[in-house]
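Below is one structure, written out as C-alpha cells; the observations come after it.
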Amino acid sequence: MELNLSERPTRSIRCIVKLGGAAITRKNELEEIHDENLEAVACQLRKAMMEGSAPSKVIGMDWSKRPGSSEIACDVDDLGDQASSEFSKFVVVHGAGSFGHFQASRSGVHKGGLEKPIVKAGFVATRISVTNLNLEIVRALAREGIPTIGMSPFSCGWTTSKRDVASADLATVAKTIDSGFVPVLHGDAVLDNILGCTILSGDVIIRHLADHLKPEYVVFLTDVYGVFDRPPSENDAVLLKEIAVGEDGSWKVVNPVLDLTNKKVQTSVAAHDTTGGMETKIAEAAMIAKLGIDVYIVKAATPHSQRALNGELRESVPDDWCGTIIRFSK
C-alpha cells in the first residue's frame, strides 16, 4: 500500500505501544477491566512520554462523571498556572481481552458472512464491546494527563481483504499526532472485501502502523514476562530473552541457547480468542523487526515494562531485565 505524504506525521514517532488485552482486562471474566494494571500502565506511559521535567501536579483530562460518583472531577482551574508539557510522539493500540472476543467467536464474525443475521448482530455487538473498552482506556490515560484520542479502525476506514489490511486512513492518525494528541486504536470488527467482515487484530494494526510510521521501537505489554518456549504456566517453561529475525522473515532463539530448540514455540490460544494469541503476536513482531525496529515483549505494570517504554534497552540490555527482545539480524 502506497503512503501519501499527508499520511506521514511531520515529527518522527518514538514508540508504538500495544496494550495486550490479557494485561488490561480480566480475560476470564466477561467485560471486566483490570483496573490496577490499567492505572499502572497509564502512569508508566506518562513517565515514558514526558520530555524534560515532569510537572509537580498531574492535571487530568477526563472531565466526565465516573461511575459511582455524584459529580465531575475537574482540575480546570489548575490549568491556568500549569506550564505547557511536551510529550514525545507515541501511538497506543490495545487488544480486546474480555471485551469483544466472546461476541465475535459466538457469532463467527471473524469468519465473515454478513448475510447471516447472527453474524450481522455479532458484528454490531462486537463493536459495542470493543469501543466501550477503548473509551475506558482513553479515560484512564487522560486521567494521567495524556492527551489521548480514541480511534476505531472501522470508523477511520480500515478494511481488509481476506483478513489482510486493504485500506487504512493513516492521514487521520498523522494529523492527530501532529496536533499533539496520542491516538489510541484497537482491535476491531471491520468490513472485508472478500469475506464480508472479519476481526482486525491489534497486532496486525501495530505491524501496519510500524511499517508506515517507522517508530524507533515497539513495546508489547502482556500479562506474562515475555515469550516462553512453552506455556508459561508449565513449571519448566523457559523465558526466551532474544529472538533474531532474518531477512526472509524466519526467526530463531539466540538467548538462551537451548538444546533441540524448535522455532515453532509452543503456544496456547484461549477458546474465545479469534485473533491467534501469542503465535500471531510473535509472527507480527517478527515482521516489525524485519523493518529494523526492535520489539520488546514484556509484562505490563512492572519495572521491566517501564524500562522498555523509556527506551532504555536500545543501547544495551541489562542482565536483570525480564522480557523478550525480537530484533533484526542479518
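Cβ from N, Cα, C; glycine included.
Under the heading site 'Transition state stabilizer', TrEMBL lists LYS27.
According to TrEMBL, the domain 'Aspartate/glutamate/uridylate kinase' annotation covers 88-298.
According to TrEMBL, the substrate binding site annotation covers ALA96, HIS101, GLY202.
Same-chain residues at least 6 positions away in sequence with a Cβ under 8 Å from that of LYS281 (ATP binding site) are, in sequence order, ASP203, PHE220, THR222, ILE297. Annotation comment: TrEMBL describes GLY97, ASP223, GLY277, LYS281 as ATP binding site.
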Cα within 10 Å of GLY202 (substrate binding site) - qualifying recorded positions among LYS27, GLY97, ASP223: none
C-alpha spacing of HIS101 (substrate binding site) relative to ASP223 (ATP binding site), in angstrom: 17
GLY97 (ATP binding site), number of other Cβ atoms within 10 Å: 27
Alpha-carbon spacing, GLY97 (ATP binding site) to LYS27 (site 'Transition state stabilizer'), which is rounded to whole Å: 5
